[in-house]
Each structure stands twice: as C-alpha cells, then as structure tokens.
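Reading through the structure tokens given below for one structure.
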Amino acid sequence: MDILKSYHLLAAAYSAPAWASFMAGAFLVLTLSLSLFLVFDHLSTYKNPEEQKFLIGVILMVPCYSIESFASLVKPSISVDCGILRDCYESFAMYCFGRYLVACIGGEERTIEFMERQGRKSFKTPLLDHKDEKGIIKHPFPMNLFLKPWRLSPWFYQVVKFGIVQYMIIKSLTALTALILEAFGVYCEGEFKWGCGYPYLAVVLNFSQSWALYCLVQFYGATKDELAHIQPLAKFLTFKSIVFLTWWQGVAIALLSSLGLFKSSIAQSLQLKTSVQDFIICIEMGIASVVHLYVFPAKPYGLMGDRFTGSVSVLGDYASVDCPIDPDEIRDSERPTKVRLPHPDVDIRSGMTIKESMRDVFVGGGEYIVKDVRFTVTQAVEPMEKSITKFNEKLHKISQNIKKHDKEKRRVKDDSCMSSSPSRRVIRGIDDPLLNGSFSDSGVTRTKKHRRKSGYTSAESGGESSSDQAYGGFEVRGRRWITKD
C-alpha cells in the first residue's frame, strides 16, 4: 500500500515534458483530422449499411486510442482509468471487425451456407489424404494437443462468434471490476502480488483475449478466398497490429524499465512507464490514421448504385446478359466472389443523410450487439444449467440408492432374526418334556406317567430301585430334579 501511495503522489506531482506534450498533441490533431474525415466520408456514402456500420466502429478505434493516450500522458494520475477505457474499446473494435468480415461475405446466413458447402466437400475425401483441405481447420502447435481439427460448419461459426463476443463481455466486466478495485486502492496496476487485483484480472483477460484472437485468425483463414474482393490481408494486419502490438509493446516497456535497460534521454525525461507507452501510442495512431485512408477507403461504396440492405454475390462468368444464372452452379462453385451486385430498389433513395447514417450506425449496430451478447450468454448459461441439472439428477439417484440400500438392509436383518429363532423350544424346569410328557406317542406318555408315579412312591417309601432305573443319578422330588447323594 505504501508503494501504491507513493506512486499516486509521484503521478500527481509529475507532468510530461513540454516537448513530449507538444509532439503528442500534434499527432493527436493529425489523427483526429484524418480519422474524422474518413468517418464522414463513409457516412456521406452510406450505401451498404451492413458493412459500413461496423467498419466505422473499426476506424474510430484509432482516434479513441490517441485521445486516451494523450490524456494519460498529460495527466498520469488518470492513466489507469484511460487504460481501462482504451481496453474496453479494443474489445468492441474486435467485435466490429469480425462483424465486418461476416457482412462482406453476405451476412450470417450466407456465411453459414458457405461453411456448410465447404464442410460437405470435406466429407468426400479422408482427412489424412489432403493436408490442405479447405473444409478442415487444423490447429497449430500447441493447440493441436488439446483441440481436434475443426470442420467448417454452422458449429464452427458459432464457436468463432462466441469467442469474439465473450472477449467484449469479459473485458467490460473486468474493466468495471478494475475501477472498483482502484477506488479502494487494491488494484495495483503492474504489480503481481497476492493482495492485488491486477494479476487475477490480467490472467483472465489474457486468456480471453488470446482465445478471441485465435478464433478471429481461424475465421480469416477459412474465409480469405471468399473475401478476396476486399483484400482482407491488409485490413487484418492493420487491425491486428493496432490491437495486439500495442499491448505487447506495453509489456516490453515495463520489462525493460524494471530491468533498468531504459537509459535513453527520452525515456529518462518521461519518468513513468505509462508515459513512455502513451507517448509512443500517440505517434503510432497518427501513422495508423494515414494507413486507414488506404486500407478502409469509402470510394468503393461511393461507386455503388442504389443503397441496399443486403448483398447478392454472383460469379463474373454470369455478368453477361445472355447467360442465365444457375443457382445450383453458383452454390457449388468454389471460386471467390468477383462481382457484387446490389438489389435494385426504386423506393429507396441512393444514399442517406449524415444524420440518418449516424442513427443507423448507433441504433442498427446496437441491435446486433444486443442480439450477439444474448446469444453468447445463452451459449454460456445453457451448458451450466445442463450441468447443474445432471448434478442434481445424480444426487437424487445417489439418495434413492442409499434409501433402497437401507431398506434392503433392514429387511435382511428382519429375515435373519426370524431364521435364527429355534424350531423347537428348549424347555427346562417345570416345563421339561420329560416331566410333562410332550411326546406325541401316547404309549410313551403313559409309560413316563407310570414311571413318575412309581418314582414318587419309591421316594416316599425309601425305595430307590425304580427311580435309579428311570433317571440314573437323579431323583425327582415334587416337580424338580435333584442330584442323588
């Protein structure tokens, strides 16, 4: 806690050098000018809403990064808050980029149809015969140790969609958690201590971010031929460098600073590690804004005819009017799309006003976000509900088995008590069969009665011969046996 207090005191007392603030401010102005120009250019040629609404979200990532980095550079005490907001928009930009690629294919339905078509073709040949089969996604090392090859199918699209959206959800939740922990002084950014919240959130975020990037890379690898008309490699590399290289750049700066290897005059003038990172990001975003003008231009949309809500993809072979379109041949073709023709709609004006375009970006894009977030949460909750249901069923089954076992045990115990009881009573004393004559044979009974009478008589008269013959070393007195002296 003392280190955290000293850090806040240093951040409050520290101010960036004038030359650093001036240079970062110049790049900020350049970034805002070029990025806003590109955004308004897309809004003025807003003829393909399904693509452009998400493309604008990707373009706005550059000015957002630049503004937050400049604010953190000028006032280091809010660097944690700025970094959290920057990370939140990073996850949103990744979602927009994934949605943009899907829209360029023709939407979710056409993307799923494309994957089903490629997946059906992969069934025709064994998996080991063709290493570069299009319908199979093979994982690189070390992911191949944990995951089996993925076959293109609607399931694959759902995995990619879930992987990208989960990062946006987890990033937002961890950002809110970090703000709460920072308010209580237990966030400790950059410190790996058991009592700090930073290492735990960092582990969760790194895993979520890595999985989202992996899903995006696999989706790009599966659809790059279908996306050839938009030159996806340049767009993908530009986006990936902004999102992920900036993060690894921050890790490298922190590592070099902790090892004492940052001994340049510029690094020493920028005392805090976050200030070095913010200064570099301001310069990088100025360069990225220039690259965006060439990678995400609005000119292709301006050349389109009427505005359309969806896209129809046909092959260049059918551009001739004399050749009728064969839907089956188009569906089964493996070649990428070359000509994209819009639906003619005479009731819709060609283009929209900037106000209408902005409303569609926020409202229309928000509808997609809500739908995808609901889908992701459902996909995450349903397995948990099924697991809980199965667990409850197992507990109920175990309870029933225990009750059944106890019931059988009690029944066996009762049966054993009944079977252990003697079939004949062993009676002694006055109930002795020798005295009462319990034998069923009447002759024997009469003989015993006769002997009993003779015994009584002999005992009273002093004669002992008959008693000795009947009972050996015993004699009877009354109804009891006694030993003979």
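Placement of Cβ uses the backbone N, Cα and C atoms for every residue, glycine included.
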Swiss-Prot annotation: Trp19 and Val276 on one membrane face: no
Secondary structure content of the topological domain 'Lumenal' (189-196), with strand meaning DSSP E or B: 0 helix, 0 strand, 8 coil
For the topological domain 'Lumenal' (189-196), mean pLDDT (0 to 100): 75
Residue numbers, six or more beyond the limits of the topological domain 'Cytoplasmic' (218-241), whose CB comes under 8 Å of its CB atoms: 58, 93-94, 97-98, 101, 104-105, 111, 114-115, 118, 134, 137, 150, 152, 156, 160, 288, 291-292, 295-296, 336-338, 340
Long-range Cβ neighbours of the transmembrane segment (54-74) (under 8 Å; 6 or more residues past either end): 15-16, 20-21, 24-25, 27-28, 31-32, 35-36, 38-39, 42-43, 82-83, 85-86, 89-90, 92-93, 96-97, 99-100, 103, 239, 242-243, 246, 274-275, 277-279, 281-282, 285-286, 288-289, 292, 296, 361, 365, 368
DSSP residue counts for the topological domain 'Lumenal' (41-53), split into helix, strand and coil: 9 helix, 0 strand, 4 coil
